[in-house]
């Protein structure tokens with residue numbers, strides 16, 4: 001089988017472009033005439049080396065553009081934007097060596113804390129809200145530059161990688177500029193959020209992996225080699241990325257799938273070649289006698305490399321977790337956060353926490369009661385007249401957001417006060433739940449619940465009557481759940497870490513809630529125990545919504561801290577369980593499939609107090625459109641080739657087919673395989689799908705997290721496809737096409753730059769920007 005020049009261009013990855021060696025016959029070494037001044041000779045030699053590098057001017061141009069687009073004015077605003085609030089507080093906690101629990105792996109925060117510590121920050125200041133001012137001793141510019149420089153390196157790496165893939169330099173420049181001026185990447189890269197650092201690690205990991213895999217699975221056996229340099233770079237960058245953000249596991253998945261496809265393709269090609277060799281041996285050929293055999297490819301090398309990358313990634317994650325728990329979490333007032341009860345309950349209550357200290361619940365405690373069902377919300381009360389036959393009253397509902405209507409006071413029944421429990425609420429204690437504001441009680445009443453239509457369920461209402469006469473309908477017995485092994489023995493009610501049921505003695509039912517037409521309605525369940533509840537906030541006889549109220553006199557529950565092994569185990573388990581599918585705090589109104597038509601809501605991260613400056617996160621629509629076209633073509637190509645393969649499987653091969661026809665069919669099969677699975681554009685399509693698709697099935701906002709990784713893969717794939725489509729065009733036509741596409745990208749950039757940099761603008765200017773209007777930019781409401 002003879003490979004034509006066209007076949008060579010259709011390899012899984014094109015042969016990486018090799019530089020001509022200096023001093024060779026085809027490229028003779030040129031030295032400047034020596035002078036007596038050694039420093040001048042050294043300068044001339046350095047200049048000549050730079051001059052011979054044809055891409056140096058382009059790198060210098062990209063460096064200047066990076067400074068103008070991303071570095072310029074990075075010190076503004078001097079207030080905390082969006083998740084900078086969490087970065088700022090986490091850095092301070094690391095410097096103070098104060099334990100805190102975070103889903104995100106800690107390596108990126110540890111690096112940022114080290115930078116802040118080197119520049120003299122003491123970590124004493126604690127921010128309370130987004131938009132708080134940044135203290136003068138905090139190195140905000142250095143931390144933003146850490147992220148910004150990392151994101152700029154991705155621009156350089158994009159150009160370098162595309163050139164090595166033998167993409168035309170004009171297309172490579174276009175790809176680098178797409179990464180540079182995407183509005184979302186630019187906005188995030190100018191903050192302390194380590195998104196740019198994460199993207200840099202993922203890009204280095206991908207580039208080094210492609211180099212390694214290309215060398216290991218070259219079609220020419222003589223070209224195959226195990227590139228230790230590329231492998232170890234990939235190993236290190238992937239491991240560090242996984243210890244900075246668990247979503248880097250998607251990059252590990254990409255490496256695995258790409259390696260499996262490459263191995264499968266190579267084995268199929270070698271099998272076809274082997275069959276052709278067997279058939280050719282039937283015809284004597286004197287030339288074959290002098291040919292030497294080459295070493296066959298061993299799939300075990302690919303499998304071993306992939307397993308090592310996975311293994312080291314988890315080892316580094318474990319090491320950083322141990323370092324965090326051993327060195328950066330010293331004993332102190334926050335030891336309660338190391339308890340198994342707190343760690344296990346943290347994930348289900350973190351968005352409701354005001355006072356994150358577990359406290360014993362006693363007679364008179366004012367509390368917020370939440371459902372243990374994920375993100376269901378807390379009990380609250382408000383006026384309603386839902387149905388005419390139900391008297392107007394204070395209805396009890398379930399709502400996520402806590403307000404003064406969420407506060408209830410616990411009053412113990414007289415029959416339980418003589419039990420000698422020192423005021424603690426133990427298993428079976430009978431209580432009344434009195435609303436703090438209205439002084440009314442949660443009351444069970446036997447009647448139909450709207451939407452349930454079942455006499456066995458009782459609507460839970462609150463009456464304005466005081467406790468008089470028959471109060472059985474207002475009595476709720478605390479039934480402490482026994483599912484938690486830590487609550488054995490004489491367990492008592494404690495905020496955060498105690499699960500319990502509320503049982504109504506009169507109607508023999510348990511407090512429960514059900515979704516009726518999108519509303520969580522509270523009712524009393526007679527069929528089973530219903531839902532478990534938890535108290536997430538407890539302050540004794542004070543206004544729980546008064547931030548200035550003192551809590552020094554409130555007794556803190558004495559909880560035994562966990563062991564080091566237990567903390568590490570719990571931390572890793574919680575991260576593995578919740579990280580990839582955590583949907584809290586991220587609205588789903590702007591989903592990725594809406595972006596090509598430019599609809600949805602942008603994410604505001606900062607606005608000035610004078611309301612004439614605003615910074616939001618939104619993508620460059622032109623880049624979204626272009627990468628969406630590429631992604632659609634990739635998916636269409638896969639579907640088309642898959643259908644074609646199915647159809648061919650039903651066509652029988654004639655037994656009378658000649659040997660030449662068989663060889664021709666084998667050659668066509670190999671060429672089709674390369675086009676379908678192994679073209680480098682589709683390789684990046686695989687990376688785009690792996691980093692994008694999982695986040696389209698959950699309510700996670702895509703502007704952050706894997707948006708940057710998915711965008712980078714899409715840009716690479718688009719540039720490879722664009723180069724293939726324009727390769728045979730006239731240079732003038734090709735240049736015109738790329739300039740036209742670049743003009744679209746720049747137009748969208750000009751439309752969005754005021755909300756990227758937070759420059760001063762007005763309501764009228766915002767209205768004149770059509771792209772901002774299509775994205776429901778909140779400047780129409782703020783400015």
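Placed from the backbone N, Cα and C atoms, the Cβ positions cover glycine too.
Given the ranges 289-308, 309-328, 329-348, the record in TrEMBL names 309-328 as transmembrane segment.
Most Cβ pairs under 8 Å to the transmembrane segment (170-190), among the stretches 143-163, 196-212, 309-328, 614-640, 732-750, belong to 143-163. Counting Cβ pairs closer than 8 Å to the transmembrane segment (732-750), the top stretch among 143-163, 232-257, 309-328, 710-726 is 710-726. Sequence-remote contacts of a segment are chain residues at least 6 beyond its ends whose Cβ falls under 8 Å from one of its Cβ atoms, and for the transmembrane segment (232-257) they are 103-108, 194, 197-198, 201-202, 204-206, 208-209, 212, 306, 308-310, 312-317, 320, 575-576, 579-580, 686-687, 690-691, 694, 705-706, 709.
Tertiary neighbourhood of the transmembrane segment (143-163): same-chain residues 17, 55, 58-59, 62-63, 66, 70-71, 74-75, 87, 91, 111-112, 115-116, 169, 171-173, 175-176, 179-180, 185, 188-197, 199-200, 203-204, 207, 210, 712, 715-716, 719-720, selected by CB-CB distance under 8 Å and a gap of 6+ residues from either end.
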